[in-house]
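As recorded in Swiss-Prot:
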- 633-647: compositional bias 'Basic and acidic residues' (COMPBIAS)
- 363-384: region 'Disordered' (REGION)
- 624-674: region 'Disordered' (REGION)
- 1-24: signal peptide (SIGNAL)
- 226-246: transmembrane segment (TRANSMEM)
- 254-274: transmembrane segment (TRANSMEM)
- 409-429: transmembrane segment (TRANSMEM)
- 436-456: transmembrane segment (TRANSMEM)
- 469-489: transmembrane segment (TRANSMEM)
- 562-582: transmembrane segment (TRANSMEM)
Amino acid sequence: MKTLKALKIFIIVYISSVSLESFAGFGESCSNLPITSDGYLETYTAYGYIIRSIDMKDPRGNCNPYTSSITFCFKNVEGSTSPCTIYTLNEGDARKISDLSTDNNPNLGANTVLKNIVLTVKKFGNDLCLAMPTSRGPMPVACKSLNATPAPTNPKYENCNIGKSCYTGANYSQSLINFSGLAVQCLSETLNKIFFTGNSCSSQDQNSRITHLAAFSTFQGYLKRIIGAALILYTMFFAFNMALNKEYATTEKITLFIIKFLFVVYFSIGLEPLNFSGGQTVKENGMLKYGLPLLTGAAPDFAEMIFNAAGSRGLCQFDNSKYKDGYKFYGLWDAIDCRIGYYLGLDLLYNIDKNGILGHSVGNGPGGNNKPIPNFDPDSKKDRPHDLSKAGALRFFTVMFGFLMSGHIIILVAGIAFSVIFLSILLYFITHYLVCMITIYVMTYISPIFIPMVLFTRTKAYFDGWVKVCISCALQPAVVAGFIALLITMYDSAIFKNCEFLRYDYEKGDIRFSTFELRLPSIDADKCQESFGYKMLKYYAGEGWEEHLLILFPIKSIVRDVVSILAELLCVLVFSVIFYYFSKSIGRFAADLTNGPNMDAVTASPTKIVDLVKKGAAFLQDASSVHAQGKSPVEDKPDIGSKRKDGVQQGEDSENSSGGELADLASGSGGGKL
């Protein structure tokens, strides 16, 4: 009897364990789920947690590809009699987490963050999936195939309104610090998606409360239909004129009409269907196929030629052959981003990879020799500040603080002025390029309206104006880029003189990047060692620092090579001031040269930051002068009274004097001139 009871208990425990094991495969889906390139959604967001709370494969039969519904098991609270609850939903059904988790589970249905998330059944290619909204668009948490041999298509995971490169664009750059190239590519793909290819946003949200407006591409499609109808009427009127008037029946006019008509049709409404980059079927349009790439690619091509023709020997010169097809324009922006980091002492751009953490080195670039710099080991410097050992630190400002602690205010002011002017001018170029690119996309979008105007004499002036704006916006960034290339060339020569740079190429997966290490030239190496850039790199490595007490606290400052550093930095500052004043008129110069609109009104002013600093200094100076005037000694009051009495007797002279003082006070309180 006892043996039979023990056998029953063993069987019950075994069945329960098998049941629990059969439902323990949470996170399993009938078909593979898409994985984001960075793994962010699966690891750090609620999306990954919801995936690990759903089981599809157990119990068996949920992966049937011939049913139009999806069956899944949603996790219950720990300690429940059943590990999960089974639900079956059809395509288009939507349920909140709180509706699926009804057992007061604090991690799901009772969680204030997760309970209002809506799960919707929808198709992703050949899969029927249970999807949830994420920051990168709807993403599936459980899927099953609708046929026996599903096509290997992965659903898009990027935001429906934003280009994919906004998330993965940094992978196409060869510079460890990259933001300008990423901004350009992100904006380009986003504009392309908004204006031409359309987006993947549904017309209504999941609650069916908000109806989104039609995409720009839809509106342009209707616009092209109207233009096509107008062109048909134009052809009919030309045929009537040719039939009624023999002057229109000449071979010359007919040939000219055919050429102009084909030109207008091809560049305005397009010919023949074509798969565009977004995968949507559209007509082949001359403006999209030839005009837009030509207009947007003129600036980086022109500037890259100037960059390669000058500059320091090997500094921030990347291998163009390693850029992927369609992303070679990153070479210009990588050169700019790299110099920003190098001038400001970002150590990630310097070859500090002793332990191989950056990836596998695949070789060295041309320029520079392989002889290491003597006495340039940062690990042997004990007196250096702790901030110099932090990865990714901008060491330039740490060194400037060291000069401040040693009392060299002029070096600090000159260094800050150089960095502010340099960053202001580069920010102006980036914003100018982006504004011109947006203008080109807008002009391309409305091209179906302006291109047909070339057919009529009365409207041809509008077409000429449209062409002028397009060409000007394509050439203006090229002119400004030439100015930036000249600026950087002068900086390289003034900061590093004849120093050489050795490039280290690395690969980590599909990502390729490079670092640069300063090398002494084989001829006239003393000139390189006396340069401002070489001495700054020595300060970055910890040389030239001394520790002393300030009251009761130990501080670290720089007291070596102060005179030579000041002379070299003032030389760099002279170039900065020259380009600062020239940058005020570069926008107007580019507009006059290209006979187009001036973009300075909608771009970041190259002198904006400096002007704000000047206004702040003027305000502080005027405030201090007013404060000093308000503290007049008490014994001076009788003199003030006598002055007022004399002022009444003098009449007009007193009024003029008082008016002048009031004017000075008003200008002081308003932040007057220095």
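Indices start at 1 and increase along the chain as displayed.
In case you wondered, yes, glycine gets a Cβ from its N, Cα and C as well.
Keep in mind that this is a model prediction, so the values were computed, not measured.
Annotation: stretch 562-582 has the most Cβ pairs under 8 Å to the transmembrane segment (409-429), among 254-274, 469-489, 562-582. Long-range contacts of the transmembrane segment (562-582) within the same chain: residues 403, 406, 408, 410-411, 414-415, 417-418, 421-422, 424-425, 483, 487, 490-491, 494-495, 530-532, 535, 606-607, 610, each at least 6 residues beyond the stretch ends and with a Cβ under 8 Å from a Cβ of the stretch. Cβ atoms under 8 Å from those of the transmembrane segment (469-489) belong to residues 291, 294-296, 298-300, 302-303, 306-307, 310-311, 332, 335-336, 339, 425-426, 428-429, 432-433, 436-437, 439-440, 443-444, 575, 579, 582-583, 586-587, 589-591, 593-597, 599 of the same chain, restricted to positions at least 6 beyond its ends.
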